[in-house]
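According to TrEMBL, the protein has these features:
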type    : residues                             : note
DOMAIN  : B:13-121                             : domain 'Pirin N-terminal'
BINDING : B:His59, B:His61, B:His103, B:Glu105 : Fe cation binding site
DOMAIN  : B:149-234                            : domain 'Quercetin 2,3-dioxygenase C-terminal cupin'
Amino acid sequence: MEKLEILIVGTNKPIMETIARLIDRDEKWLATIAISLLDAKAICLQRGFGLILIGAGIENDEVEQLRNYLTENALKIPIVKHYGGGSGLLFAEIYQGLEAF
Amino acid sequence: MAQTVLHKANTRGVADHGWLKSYQSFSFAGYYNPERVNFGALRVLNDDIVTGGMGFGEHPHDNMEIISIPLEGNLQHKDSMGNTATIKAGEIQVMSAGTGIYHSEYNADAENPAKFLQIWLFPNKRNVTPRYDQILLNDADKRNEFVQILSPNADDAGVWIYQDAWFNLGKFNADVTKTYNLNKKGDGVYVFVLKGQVEVNGQLLDTRDGFGIWDTDNFDVKAITDAEFLLMEVPMEF
């Protein structure tokens, strides 16, 4: 079964690692961490992500930069802002992000 | 005309982890209902019961305003900002998670369960410096008045958060009716009944029922029995 690849972008590495572990517990999902906008842009071109989650430390203008970058590179990947830093809202955010796209 | 939504107590999500029983008014963790995700900026309302001596081990949060209101018993709080505290019924705790915090919350009593409300609001600003506060609610026992326990303003009654929200507790005697006037146009109010029966905008509510009301400037709350309730005024667009 092909897994849905989810990119998590945020500057708080320990929290990103927690979120990645939570995502990876679901056998249908696979998480990758980018701890800066620059990293996120680079890795987006290399892998087929189905969703991008924006964590703490990434500002709104950086989210817009990433959105524009995806458009310029013809990548249709939903971007969802993550809130809460753990399991509480994570799964609903992923489901909603995928449903809305 | 006011719009409303009713969430009966027995329609909430339930998570039973043995040491924790959590009744969830909105989608949370393993409970996902696309029709019940949030009420405006109010995203989480968990009615939690923690077994004696047990609790939530150290775990992270970011970008969320997290409010805890103990109903029975004591919780022992520790966080990555160096705060260690015990909170008990009659107090309120707030954390602005911002760029990230770690905390733990344990039932400070080895024998008896602790009951508390865990409430999360979307912040009006992301990536703020994390902060923690707890206060004693001096006026919480006042009867037949709306007692403000939370606002957006540091110099106002109660704790403050990074969101244009106002929380009021009510402890009403049977047959008392009061009108709640919203603080801000465009807000909605989520009413959560802690004890007894109340009527809001003509809707009868029982213990632990939730009722959202918006597109109105005010509404009446009538206690049918002696009753306790929490009013959470939040922006519907944020």
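Cβ atoms are placed via backbone N, Cα and C, with glycine included.
Unlike curated records, TrEMBL annotations are generated automatically.
DSSP assigns B:His103 (Fe cation binding site) to a strand in the three-state reduction.
In the domain 'Pirin N-terminal' (B:13-121), helix, strand and coil residues by DSSP number 0 helix, 68 strand, 41 coil. B:Glu105 (Fe cation binding site): 23 other CB atoms within 10 A of its CB, across all protein chains. Every protein chain considered, the tally of other Cβ atoms within 10 Å of the Cβ of B:His103 (Fe cation binding site) stands at 22. Counting residue by residue with DSSP, the domain 'Quercetin 2,3-dioxygenase C-terminal cupin' (B:149-234) contains 0 helix, 51 strand, 35 coil. Within 10 Å of the C-beta atom of B:His61 (Fe cation binding site) sit 24 other C-beta atoms, taking all shown protein chains into account.
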